[in-house]
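*Asks:* Dropping a structure here in structure tokens format, bear with me for questions.
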Amino acid sequence: MNVLKRCIYGISIVSLASMNIQCKSDKKVEETVTEAKATDVVTIEKSAYGTTPKGEKIDSYKLKNQKGMEVDIITYGGIISSLKVPNKAGKSEEVVLGFNSLEQYMKPNPYFGALIGRYGNRIAKGKFTLDGKEYALAINNDPNALHGGPEGFHRVVWTAEEAKSGDNASLKLKYVSKDMEEGYPGNLTVFVTYTLNNDNSLDVVYEATTDKKTVVNLTQHSYFNLSSDFSKPILDHEITIDADKLVPVAATLIPTGKLTDVTNTPFDFRKAKKVGAQIEAKDEQLKNGLGYDHCWVLNNQDKGERFAASAYDAGSGRLLEVYTDQPGIQFYSGNFLDGTLPMRNGGTYTRRTGFCLETQHYPDSPNQKDFPTTVLNPGENYKTKTSFKFSVK
Ligand code: GLA
């Protein structure tokens, strides 16, 4: 990609050595434009995606490398609307569930590709207390609050700034969540930076600061189907999760407060296992989740960013590895997909045709004294990183 400076209404004299420009006569106004050049290793292209009913313009950014990977991100919800990666024959194909219009993304949907905040996952009965003050959130997943509320970060418009350095193409999204927005205290300034490199890895860095004590738990809610055949359930995908323990939940998917050993349970993914291998087993946790919809306690929590989980589809040969510095990962097997949402090219997304690997803190942490804290204080920097690495085998 090439960054050019131009004189609006004027002719620019471009010094190729420095890329400095001078404007002839009195035409001093400059604009910056980005263009993809054939020689660039990674490129970013911006296009208009649509307009919300309130008149907000939504853009789409395509980050693309030379290894056949490309990701489309829209400024509505910071949604990954498309992610294409090569299969073992080198054919680049879609691997995330998504829609083909802004209108569809704005209709109720289970967070397809979206950024989730201010608090990813459930908060029991939508209530938590900070410094003796109780906060009440909307109950949008009866009887609990889920994924930041009905108008959470998945439904807001983010501003975007593109950047390129070496083999990396980045899109830095910003959103300022107002004090008491969706019931959460504190003005929260959030940055989420998506970076694609030329090694088929997509990094997501989340940053936030607040002016009042609050709770934060940000994540990404892409639904993957590595086969690229969205009419096919993901039950044959082989999953690995580097976790000795699970955060068990009660019937409303709120943690019981204990952490249990996965040994000899359908939740043991320390060795690769097909999603479908035990999903129908008689098991209280599977019953509560209607399948897998649980947070695992990742191992090596003192190690910063480390391997967390992987998914492999033998048919296409695609392997997805997830690395994170977060304590937990929610593995959700798409149990609530019910054939009502349209696929991009006809048909509908049916049960378990996509899975999510949402790196995060444990659910309901604000109410669970023994879980790692999700409190963010003024003066502190929330910063976490998750990488989605694609390869074939
Ligand atoms: C998360 C939750 C699930 C479900 C999906 C969206 O993964 O844990 O229970 O709500 O989001 O349907």
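Cβ coordinates come from backbone N, Cα and C, glycine included.
No curator has checked TrEMBL annotations; they are predicted automatically.
Sharing the feature lines straight out of TrEMBL:
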ACT_SITE  His221  active site, proton donor
ACT_SITE  Glu358  active site, proton acceptor
BINDING   Asn121, Arg122, His221, Ser222, Tyr223, Asp293  beta-D-galactose binding site
*Asks:* By CA distance, which of the recorded positions (Asn121, Asp293, Glu358) lies nearest to His221 (active site, proton donor)?
*Replies:* Glu358
*Asks:* Ser222 (beta-D-galactose binding site) to Glu358 (active site, proton acceptor): how many Å between their Cα atoms?
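*Replies:* Cα to Cα, Ser222 (beta-D-galactose binding site) and Glu358 (active site, proton acceptor) are separated by 8 Å.
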*Asks:* Should we count any of the binding-site residues Arg122, Ser222, Asp293 as near ligand 1, judged by a CB under 6 A from one of its atoms, and which?
*Replies:* Asp293
*Asks:* I need the most crowded of these recorded positions: Asp293, Glu358. Count other C-beta atoms within 10 angstroms of each C-beta and give me the top one.
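*Replies:* Answer returned by the neighbour count: Glu358.
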*Asks:* Please give me the CB contact count at 10 A for the residue listed as 'active site, proton donor', counting all chains in the structure.
*Replies:* 22
*Asks:* If you count other CB atoms within 10 A of each CB, which of Asn121, Ser222 wins among these binding-site residues?
*Replies:* Asn121
*Asks:* For Tyr223 (beta-D-galactose binding site), what is the tally of other C-beta atoms lying within 10 angstroms of its C-beta?
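*Replies:* If we count other Cβ atoms within 10 Å of Tyr223 (beta-D-galactose binding site), we arrive at 24.
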*Asks:* Taking the Cβ of Arg122 (beta-D-galactose binding site) as the reference point, list residues of the same chain whose Cβ is under 8 angstroms away and which are at least six residues distant in sequence.
*Replies:* Asn141, Asn144, Ala145, Leu146, Thr252, Leu253, Ile254, Pro363, Asp364
*Asks:* Rounded to an integer, what is the Cα-Cα distance in Å between Asn121 (beta-D-galactose binding site) and the residue listed as 'active site, proton acceptor'?
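*Replies:* It is 9 Å, counting Cα to Cα.
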*Asks:* If H, G and I count as helix, E and B as strand, and all else as coil, what does DSSP give for Tyr223 (beta-D-galactose binding site)?
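*Replies:* SS state of Tyr223 (beta-D-galactose binding site) = coil.
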